[in-house]
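Listed in TrEMBL:
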- A:47-355: domain 'AB hydrolase-1' (DOMAIN)
- A:151: active site, nucleophile (ACT_SITE)
- A:221, A:351: substrate binding site (BINDING)
- A:317: active site (ACT_SITE)
- A:350: active site (ACT_SITE)
């Protein structure tokens, strides 16, 4: 069964017929949502799993990335016989609105034929979920078997289970949070300021100039990348080792391997991601506070839900630490919903949800059933 | 009461768990605190149609529970019970865990706050074998039920049947049922403090 054909990968773009009313009060006309599906939707249409991607992710969950050629971002988790089994489930992964990977975002053209740029309305996590719901509607799926997401994908999973409670029977939330902390917002603000301080940003109107704020975006990515890794993981991988040299140069070259690595990560990111999209999506994450949307009580956010929940955190994740998952777990408990929570031990920090953690595979497979 | 016949019928369950399973009403809601790998929860769900949830401190065990389709939260009975609403389940169950907690009295109060009733099972430190071991060897007993040396045992608050009876009396807790086990055999309440290896109590708080 483990052939590419059994994956049955399809890439589609949904053109929304009606404007999407956004949390900020504006509405977005002529919206597109790009999505990928794999596996087969059964006749009852009850075997669908929606996978939500992270900040700089995309809908290419199992197919090769169109720009980098790298394999889909979660091929280790999704496929025939894998924890999210495409032989049993129909997998949907939709690109979030605000992104630059196919769904409508600031780099897309507005009705006047010019890129939206900074005229693009500020969006929220719930707005992204509205885009996903539109895809479910188009596919005729009333209720998902589960919604699954890590990091920002986990925020979407929580938002969907809360705001569109009848649309899913389960939610699996990995390395995520129900609200952005001051520290989370702080790191994002560093990234945004780096982008906006780059003269090539031009108040967001860089599209016609053939060159964007690559330096700023690269620095934003470098700062963010540090938050995805653990201190021990960095020490293990790089330590104080020097990059292709015997001695320090007493200059500001990338003497250390970690410097070289971060510079490469920053630079390669600019090849595949739009700086304005980075601004808008980080803003959406900063605005995310599921309790605030429901009168300040997180338990109330799930009042209408009948879903099963599973939360997973990693002991080395300091971006969305275990306490955040516990917070959600306690709220779900208070709401009387069936909830599981586990803190897994993994050395890779926040990025653990994307990497080889066999214990995560077992939990994902077990929870999806 | 002779429970020996009935609990022997629950194949595969540890004797104290079999007693608990026998006495949980079909279809009841249950919180199993310290649920281990979920054996009791699975038996209650599959055999008796119970709505189960669990708490377990060990991540690998939580993973096993989730793999069985059970809803289990990784947590610590000493700290995390506070997040459960009052009277949110029919039964709160604490099996072989009381003696591992920092404040067994507070955990007991929490069980009776969360559950309309509570099952508590624990190893009896006044069992004759334990007494004999202490008397003749002058050292902390290492027995079949208490197999770990004093310095690494998770059992930090050993108690006896009589200690437990005294605690529930002091706290005004009602004993609705009690079962005493020596191996797979039951023994009488009168002789329990000397003869029982395990005790199982069903508790409630009137009013």
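Note: Cβ is positioned from N, Cα and C throughout, glycine not excepted.
Between the recorded positions A:317, A:350, A:351, A:317 has the most other Cβ atoms inside 10 Å of its own Cβ, all protein chains included.
Between the CA atoms of residue A:221 (substrate binding site) and residue A:317 (active site) there is a gap of 18 Å. Local packing around the recorded positions A:151, A:221 was summarised as the count of other Cβ atoms within 10 Å of each Cβ; on this measure the leading residue is A:151. In the three-state DSSP assignment, the secondary structure recorded for residue A:151 (active site, nucleophile) is coil.
With respect to residue A:317 (active site), the closest of these recorded positions in Cα terms is A:350, chosen from A:151, A:350, A:351.
In three-state terms derived from DSSP, residue A:317 (active site) belongs to neither a helical nor a strand segment and is classed as coil.
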